[in-house]
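Input: a single structure, listed below in structure tokens.
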Amino acid sequence: MKKVLQRLLICYILIQPFMEIIYFYQGTLANIGPFTIPTLVRLVLVIALLLIFFLVHKFSKPSYHLAIYGFVVLIYLVAHLWLTKNALSSLTDGFTYSVTQEISYVLRVVFPTLILFISADTSLEKSTLERITWWLATAISGTIVVSNLAVFAIASYDKATMISANIFSWFDVVNRPGFMQLASDGFFLFANSISAIMILLLPIALHYYLRQSSWYKLIILIVMALSALMIGTRTAIFGSLAAFIVIPAFYFFADVPAEESLQWHVKVKKVIPLAAIILVLGLIYPFSPSTGRVSANDQVNIATADRSKASSKQLLQLREEMQQQPKQAKRLAQNYLDTHFDVRGTYGNVVSATNPIDKYPELWIDVLTWNAPDQVNFRKIEKANVDLLKQQIVPPVRLLLGISFVRINFFIFNYERDFINQFYTLGLLGIVLFILPFVLLCLYLAGKFCFKKQNWTVENFAYFFSFALFFGAAYLTGNVLDSITAGSLVAFFMGQNYRNYRV
């Protein structure tokens with residue numbers, strides 16, 4: 001049964017890139033049943049993994065721990081659904097609470113935690129882990145590169161369109177398209193989550209290359225570097241650059257196999273191709289979509305500043321009228337928005353189609369008084385909406401069980417700041433159940449690595465740096481910890497690294 005458990009776990013991990021394909025979440029495929037196809041496939045596999053896990057570890061601590069955890073999660077889920085469903089806001093008239101949608105969201109954070117438990121107690125050969133790493137890296141980065149070259153990729157920043165040109169058009173200074181028509185992430189759902197997965201895999205892949213270099217490994221690393229530029233996110237680009245610099249640097253000074261410990265020419269031979277990749281990355285980066293995005297953001301800031309300056313007197317007069325006529329404040333604010341500012345047109349990437357803007361126009365008047373950079377800071381817009389919503393929920397419910405994903409999604413598409421987002425959606429108890437296990441294990445692994453010199457190996461450092469990049473990206477960008485694919489992959493590798501220290 002142990003072999004069956006190992007193979008099923010490997011199968012679950014290997015299919016994760018395919019579970020992120022965007023077409024499963026759009027159109028007909030997204031509406032086949034109460035859950036999406038990837039969720040149903042994962043549900044079947046996770047249930048099978050749990051059953052086999054209990055058979056393998058029956059009457060042992062791992063099975064008891066997992067059973068207790070599952071029981072607590074079930075109690076939390078019932079309380080979360082019942083209380084968040086009935087803690088309706090006065091701003092959500094006509095709001096329909098979807099139990100299946102909320103359960104689907106909770107599964108997105110439960111599955112990775114279960115994989116963490118299973119991986120930590122499932123032994124895999126290091127050669128198997130290496131093959132898994134190269135497969136995942138090839139499947140994800142290869143899809144991004146090939147689809148970009150074929151000009152058949154989904155745009156990273158506009159999921160409703162495809163790119164209009166490939167990487168070779170980046171260097172056309174005359175007829176170059178905008179960054180939104182150039183940045184691509186293959187056919188994947190979220191650029192942020194794929195970027196986090198890429199920088200999770202890269203340090204581990206670099207370790208395997210440095211341990212035993214080969215031409216095919218180098219080609220995959222080159223493809224990974226190109227895909228980081230193509231996807232266009234700062235997470236992918238700077239995270240990859242950091243990995244290409246830090247991992248080889250550590251390799252020079254860390255504990256390596258005895259036969260190579262004094263052979264500096266061997267190390268140099270392995271690192272020179274990586275240095276060349278860094279150089280090429282640096283040369284291409286100024287032409288990449290990422291720099292175009294920075295320029296576009298600067299232009300938006302200038303335009304917003306000009307608009308704010310032009311309307312400052314009108315806004316000042318409006319706010320005075322609202323203060324003088326508090327009973328008419330809402331009507332006055334709405335009249336101004338109807339004639340001077342299109343909220344949905346400006347913030348269509350943030351606010352949901354169901355967002356009841358007409359119920360709280362005063363918020364958007366406040367937004368228009370912010371300085372220009374803040375007005376185009378989507379995370380501030382997201383937070384302003386969440387703050388408004390959470391004021392309507394009874395504090396104990398909000399603190400312990402969250403506002404719920406469904407209700408937040410009624411206002412905004414998502415809150416792009418992981419850890420904080422989970423606190424809002426799941427509450428303090430949800431953080432303890434679904435996020436704290438990862439935090440505690442990270443601290444444990446960091447302690448094991450930092451305070452015991454015998455653990456200062458390239459392998460352990462690669463894992464340590466990989467997890468640091470991943471969770472740093474989660475906090476800075478969002479859409480990472482809510483991704484079953486990203487969460488499952490980091491859980492799998494964390495569980496296997498944990499086994500390194502236990503052996």
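Just so you know, glycine gets a Cβ as well, placed from its N, Cα and C.
As written in TrEMBL, here are the features:
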type	residues	note
TRANSMEM	7-25	transmembrane segment
TRANSMEM	37-56	transmembrane segment
TRANSMEM	63-83	transmembrane segment
TRANSMEM	103-120	transmembrane segment
TRANSMEM	132-155	transmembrane segment
TRANSMEM	187-206	transmembrane segment
TRANSMEM	218-251	transmembrane segment
TRANSMEM	271-288	transmembrane segment
TRANSMEM	397-415	transmembrane segment
TRANSMEM	427-446	transmembrane segment
TRANSMEM	458-477	transmembrane segment
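Within its own chain, the transmembrane segment (218-251) is flanked in space by residues 134, 137-138, 140-142, 144-145, 148, 156-157, 167, 179, 182-185, 191-192, 194-196, 198-199, 201-203, 205-207, 209-210, 267, 270-271, 273-275, 277-278, 280-281, 284-285, 288-290, 293, 458, 461-462, 465-466, 469, 473, 476-477, which lie at least six positions past its ends and keep a Cβ under 8 Å from the stretch. Taking residue pairs at least 6 apart in sequence, the transmembrane segment (458-477) and the transmembrane segment (132-155) share fewer than three C-beta contacts under 8 angstroms. Pairs of Cβ atoms less than 8 Å apart link the transmembrane segment (187-206) most often to 458-477, out of 7-25, 397-415, 458-477. Highest Cβ contact count with the transmembrane segment (63-83) among the listed stretches 7-25, 37-56, 103-120, 271-288, 397-415 falls to 103-120 (criterion: pairs under 8 Å). Long-range contacts of the transmembrane segment (103-120) within the same chain: residues 5, 9, 12, 34-36, 39, 42-43, 46, 49-50, 53, 62, 65-66, 69, 73, 77, 80-81, 405-406, 422, 425-426, 430, 433-435, 437-438, 441, 481-484, 487-488, 490-496, 498-499, each at least 6 residues beyond the stretch ends and with a Cβ under 8 Å from a Cβ of the stretch.
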